[in-house]
């Protein structure tokens, strides 16, 4: 099963002729993702790594019927690219772009929700269902298929946890990077719900960080609706208040959004929280054996 | 990006908000001249990117130009929460009846822009939010339609503002919302917004923080950045495109990715050390970026050891290793360095580094432990 992306995924890459778009198209093709089309306005008729390029998303949809889009377009143009994909009826849009003004993301967030479209990101590494499809920029080789679903606000930290799981012989159903911005299309709760309903996923790892209260909301959701075991990790125990730690959304403001609050909320919901990334693998092994 | 009060006041005045305009002074003499020009009792206010200016003694009244000069002499050069005061704003002292708070922020939980108001003006709003949350009223702007007149009026009525003053208050709230949206702000506030003795509204103190991600489309606002307010290392990092936050510890960190950088800092603390910085070199881990990162870390005199934690992923391990070696040819490092490297072809990368006499370890935990031990034995 896995969630969101699998062997039936037909991917469109927006910004396919750009440096990032072209590089990751090649990487995703090598992983086995079925990329059916690319879009770069003005580059219609070309091919990138054998993938046909169109001027507009509507043309690409008419010709190739993609059911997901990967947006690798620079920040000034990314909101427009997301809206173009949503308007063309693509149900899943993954945007890796960092640096989009938050008020733009806010506008896009409400517009895609209204159209029933799922946006993942922005400022995220994308997602991968190991052995099935990769719609993102993560290194494929660190993953292995298995029963653990992962949802994370981070990129390389997620790789770290995945790598620890893989080395411990524990595979993953799907790993979803939801992004490090203050406003993101898909929240922890959205992904937790999908994992709860995915028969292949037997345990869930939630990787959060300082800033906002999405981890607290997730803890409440877990308490009420998630019956599968969940293991947590929260980055930023040592982060000072009032300073943005790399991610636009990673900031303790007004005394809110600390790691301590998030860890307490998760633990109160019965979620064991690891002290270091590699420890996640031990905790997952324990909960899997307990199942 | 933080703006100074005088910059925020200028910006909000362009939207029609009545602000208590003052004159900026960099010396006590300039403060005296400003007070002479204003010709009234004045308030002298430290212009510095730090909260709690009032409590720290950075806001003082002066009855005449001579006193303004004396007060400015005390405030200029003062240290407020680690920042040195280099400018003061001299503004007319205003007699007022009541103080309010009015602010526009992003409500992350609601995924909407919120306009907040309170009759507890003139004090720290975060304190009010903690201790008397019922004293704050708020309205969420519609994501498509924005912030409407009726919502602004509703704020006013809920604060018990008299009918004859509501229209003026509502206009102000909408002007502040418009400024927030137009400028890609992450905070725009007036605190206090006062009702003067002749029953007019006046913004006595204003604060604007801009969304860094929005600056590319506001080159005029980007120019308002005050280099004097930045830590020199943080400034250098920003210009090199590196996320860097200086901390007080002794273990310097060079990491790729924000989440992993935080987790690395946390691991250092877990094993009994203190991180000297947060540093995310971003994607790629090229020689140029690693060299820039090394320069930042070795420039901090507190650093006793360096931990390099690179999860290369798609970037090949041998390429990262070559980048590191190239960077080490450019930057002299006099403290022990521990490297942890994961990626495709990590074995080749490791061999290259070990041949150059560098310590390379397998896991983040081991790297953190060794870096902490090295810092403590220095």
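Keep in mind that glycine also has a Cβ here, set from the backbone N, Cα and C atoms.
Keep in mind it's a predicted model, so treat the numbers as computed, not measured.
According to TrEMBL, the domain 'CoA-binding' annotation covers A:4-100.
DSSP classifies residue A:96 (CoA binding site) as coil under the three-state reduction. Within its own chain, residue A:96 (CoA binding site) has A:20, A:24, A:70, A:71, A:72, A:121, A:122, A:123, A:124, A:125, A:126, A:136, A:137 as residues 6 or more apart in sequence whose C-beta sits under 8 angstroms from its own. Annotation source TrEMBL lists CoA binding site at A:17, A:18, A:19, A:20, A:96, A:97, A:98.
Every protein chain shown contributes to the tally, and the Cβ of residue A:159 (substrate binding site) ends up with 29 other Cβ atoms within 10 Å. Marked as substrate binding site by TrEMBL: A:159.
Sequence-distant neighbours of residue A:247 (active site, tele-phosphohistidine intermediate): residues of the same chain at least 6 apart with a C-beta under 8 Å from its C-beta are A:123, A:153, A:154, A:180, A:181, A:209, A:211. Positions annotated as active site, tele-phosphohistidine intermediate by TrEMBL: A:247.
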### Listed recorded positions (A:18, A:96, A:159, A:247) that sit near chain B [CB under 8 A]
A:159, A:247
### The one of A:17, A:97 whose CB sees the fewest other CB atoms within 10 Å, among these binding-site residues
A:17
### Query
Taking DSSP three-state, what's residue A:159 (substrate binding site) in: helix, strand or coil?
helix
### Message
Tell me the Cα distance separating residue A:159 (substrate binding site) from residue A:18 (CoA binding site), rounded to the nearest angstrom.
### Response
25
### Summary
Within the same chain, the residues at least 6 apart in sequence whose Cβ is under 8 angstroms from that of residue A:98 (CoA binding site) are A:75, A:122, A:123
#### Entry: Cβ-Cβ neighbours of residue A:18 (CoA binding site) (radius 10 Å)
19
